[in-house]
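Features as listed in TrEMBL:
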| type | residues | note |
| --- | --- | --- |
| DOMAIN | 19-471 | domain 'Major facilitator superfamily (MFS) profile' |
| TRANSMEM | 18-37 | transmembrane segment |
| TRANSMEM | 57-77 | transmembrane segment |
| TRANSMEM | 89-111 | transmembrane segment |
| TRANSMEM | 117-135 | transmembrane segment |
| TRANSMEM | 147-165 | transmembrane segment |
| TRANSMEM | 171-191 | transmembrane segment |
| TRANSMEM | 203-225 | transmembrane segment |
| TRANSMEM | 231-250 | transmembrane segment |
| TRANSMEM | 275-298 | transmembrane segment |
| TRANSMEM | 304-327 | transmembrane segment |
| TRANSMEM | 339-361 | transmembrane segment |
| TRANSMEM | 444-466 | transmembrane segment |
Amino acid sequence: MSAVTEERPARSAGRTPAVVRLLVLATFVVILNETIMLNAIPRLMESLHVTQQSAQWVSTAFMLTMAAVIPMTGWFLQRFTTRQAYMVAMTVFIAGTVISAIAPTFLALLLGRIVQASGTAVMMPLLMTTLMTVVPEEDRGRVMGNVMLAISVAPALGPTVSGFILQVGSWRLLFVVVLPIAALITVFGLRKMTNIGEPQVTSIDWFSVVVAALGMGGVVYGLSLFGENEIGLGIGIAAAGAILVAVFAFRQVKLQRTDSPLLDLRTLGHRTFRISLALASIGFLSMLGAMFLLPLYLQNLRHLSPLLTGLLLIPGGLAMGLLGPTFGKVFDRFGGRPLVVPGAIGALLSLAGFTMFSLTMPYWQILALHIVLMISLAAMFTPTFTIGMGALPAHLYSHGSSMLGSLQQLAGAFGTALTVTVLSTRSTQLVSEGATVEAAQLGGMRVAFGVMVAFAVVTLVLTFMLPNRAETSEGSPAVAH
């Protein structure tokens, strides 16, 4: 898919283009698959005779592959047409699903998950780039709100859907159920989808590909080791990954002189985009930190089953996704500030509420705090994405969406690593002071949420720096170079 051409498909005012609706549906399915294995770890251990640490790699490998592939999507989306990019992404995803469903060994399952993630990594940048290309500025908030359905509801539904499926069948059924749905969406999408723009014939810098994959993968993997109490090793690998990311960045600056970067860092030359990146990253960090801590609290300290945990948390994800379109319409009419500032305040207050965890906190209170947090994040994300991407010239849309996806992966890994480290450190300290294991874990969770509150304060400050709308000089439609 090209950056953009001067022509846009004709469309009725106020209607979401069919190509965007198709991409939202496909993205929903592939992102749902990202979290669908969380409840299946015990089944995998029993069926494939692996340890819990090994079984966790079905999620870790998926995350690492996403981190490694996403930086390449900026080049990929410029090189291929919309239909070609969609066909490749969904075909690769389906191939990974088939491999996973019939995997005779754990290594085969791991390969299937890696292939799945390679297809998934393309879908979100493809959706964001297409949206910014075909939707007029005055409608972007409403359409971006619809995208929130794919971004937020799918991950929230994953563990609950898998909980229901695992009640009636084996872990293989998780892939068997997804397979026909993905196949139908792919066939229907290819029949209805139109190409947006013209592809640009550019060469790929394989050195950048290798360095980006090793660098991003190293940072994410190093941070993930914090969750396994391998903090020293994790710091070493993450630091090595960060050095490679720096090498990658210098390489891109050099390649920009010939307009052939794998990931165009000129997106960072736009102040509004930088602020939106920071806002989105800290927002994802807070969301994923909460998504990590809440199941631990509910299952380890309140002794709820994974299914009940999912059912308790699903209203927040649903509220976030379902209110996205409404927030989008508000943005189109009034701009971003009436949403991002109250959203940041709501996130701050809800995270502060979680610092008052107790072993007897009513479930309705936990539910209410989680719903407020997710709604607040939705109020922030919809205008933040729209204003940030709108601040870029059109030929940088694919690179902007790629960078947004990359930062999302890093923020998620950092948020999880940070919460694990704080939780573990504080819990160990409390145990050494004579506290019970439960009391120590509870104290650790309170402090971890306190750290999330500190990040929420930074978010609130950043919201006042974000313009109400993308500046005309930055956000006006541009033609491809």
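Cβ coordinates come from backbone N, Cα and C, glycine included.
The recorded stretches the transmembrane segment (18-37) and the transmembrane segment (203-225) do not share 3+ CB pairs below 8 A when only pairs 6 or more apart in sequence are counted, and are therefore not in contact. Residues 279, 283, 286, 290, 293-294, 297, 301-302, 327, 330-331, 369-370, 372-373, 375-380, 382-384, 438, 442, 445-446, 449-450, 452-453, 456-457, 459-460, 462-464, 466 of the same chain, all 6+ positions outside the transmembrane segment (339-361), place their C-beta atoms under 8 angstroms from a C-beta of that stretch. Simply put, out of 57-77, 231-250, 275-298, 304-327, 275-298 has the most Cβ pairs sitting under 8 Å from the transmembrane segment (444-466). Comparison of 147-165, 203-225, 304-327 by number of C-beta pairs under 8 angstroms to the transmembrane segment (57-77) places 203-225 first.
Sequence-distant contacts of the transmembrane segment (304-327) (same chain, at least 6 residues past either end, Cβ-Cβ under 8 Å): 38-39, 141-142, 144-149, 151-153, 155-157, 159-160, 163-164, 167, 291, 294-295, 298, 339, 363, 366-367, 370-371, 373-375, 377-379, 381-383. A Cβ distance under 8 Å defines the sequence-distant neighbours of the transmembrane segment (275-298), meaning residues of its chain 6+ beyond its ends; these are 155, 159, 268, 304, 306, 308-309, 312-313, 340, 347, 351, 354, 357, 366, 370, 373-374, 377, 380-381, 384-385, 387-389, 391, 403-404, 407-408, 410-412, 414-416, 418-420, 423, 441-442, 445, 448-449, 451-452, 455-456, 458-459, 462-463, 465-466.
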